[in-house]
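Heads up: the structure comes next, in structure tokens.
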Amino acid sequence: MTGPVALAATDLLAVEFSAADSLAPLLVTDALTGLFDWFLTAVVGGAFSWLAGATGLDFLGYPYMQRAYLSVLCIGVVGPLVGSFLVYRDLSMVGDTLAHTAFAGVALALFLDATLGLAVPPLLGALVVAVVAALVVQALIEYTDARSDAALAMVLTGGFALGSVLISLTGGGISVGINQYLFGSLATVSRADVGLLVTMGLVVVGSVAVAYRPLVYVTFDETAARASRLHVRAVNTLLSILTAFVVVSAMRIMGVILVAALLVIPVVTASRLGRSFKQSLLYGVLAGELAGLAGVTVAYLYGLAAGGSIVLVALAGFVAVAAGRRLA
């Protein structure tokens, strides 16, 4: 077959292959979304429904509570996991700094939606701004004479100032939407939020597992790590980005103001118990999980803020461990 007919057939095949290529990502996305929905409904929902029947705690069967519990289970792992490397490097305030700059990212996303009609997801805005802020902090420490605490203070206040200005530019019109990110909420955690949290959690855990040795080396002896020609800057960049991931993923439950607590308090508690860094990591995750689960339960039963309840439970755990060590 030659001539115009052959050319037409060739063009038709090219169009079909092009359409198939463009549909492939959508099909993969739909498949992953369907798989996650099945996991959330059948596996998580089924497990919590069984627990509700076995314990008589009806609230365990509520879908929004199941999403909240699954969220804090993820946060309880990634918070202390990343926080351990920060605390042992005397960088405990990094989480708080990135949380306040993430607030600016949320404000920016809501501002663009209110003024230009650009529907930017607030968590995406928070993630982008938090990652940029993490890199700025690292650059200030490496390329200027600024001390680490001064660099963190400058970025923290700058991020919060930017968020405040963006809110004022809309006449306070976006303040209602931003409150749920400031203080956190159980009821507003959606399937999409849980999906994002689980995805970020897998990325964080996988990254720490792959880069565990370099992270530990840089944490405890950065000078020796540089002398051994380890890519210290790359390790620091990875840790900064992972911290931004943790902060943004936990914002919906914990709120901007308190999100850094689960990066620090469980780690400090675990440091009183662990005899090695690995033990402290495990105890930190355990403390984070217990604080998250107990805090969400207390928040529901007494109508309290979830983030505040989780932090107070975590602090109570630290006080109990510290007192026990003093009495032992």
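For all residues, glycine too, the Cβ spot is worked out from N, Cα and C.
If you check TrEMBL, you get these features:
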type     : residues : note
TRANSMEM : 36-61    : transmembrane segment
TRANSMEM : 68-86    : transmembrane segment
TRANSMEM : 123-141  : transmembrane segment
TRANSMEM : 153-182  : transmembrane segment
TRANSMEM : 194-215  : transmembrane segment
TRANSMEM : 235-268  : transmembrane segment
TRANSMEM : 280-300  : transmembrane segment
TRANSMEM : 306-324  : transmembrane segment
**Asked** Do any residues of this chain, six or more beyond the ends of the transmembrane segment (194-215), have a C-beta under 8 angstroms from a C-beta of it, and if so which?
**Response** 33, 36, 40, 67, 70-71, 74-75, 77-78, 81-82, 85, 123, 225, 230-231, 235, 238-239, 242, 245-246, 248-250, 252
**Complete:** Among 36-61, 123-141, 235-268, 306-324, the most Cβ pairs under 8 Å with the transmembrane segment (68-86) come from 235-268
**Prompt:** So which of 235-268, 280-300, 306-324 has the most C-beta pairs under 8 Å when paired with the transmembrane segment (153-182)?
**Reply:** 235-268
**Distal contacts, the transmembrane segment (306-324) - CB-CB under 8 A, six or more residues away** = 68, 72, 183-186, 253-255, 257-259, 261-262, 265-266, 268-269, 272-273, 287-288, 290-292, 294-296, 298-299
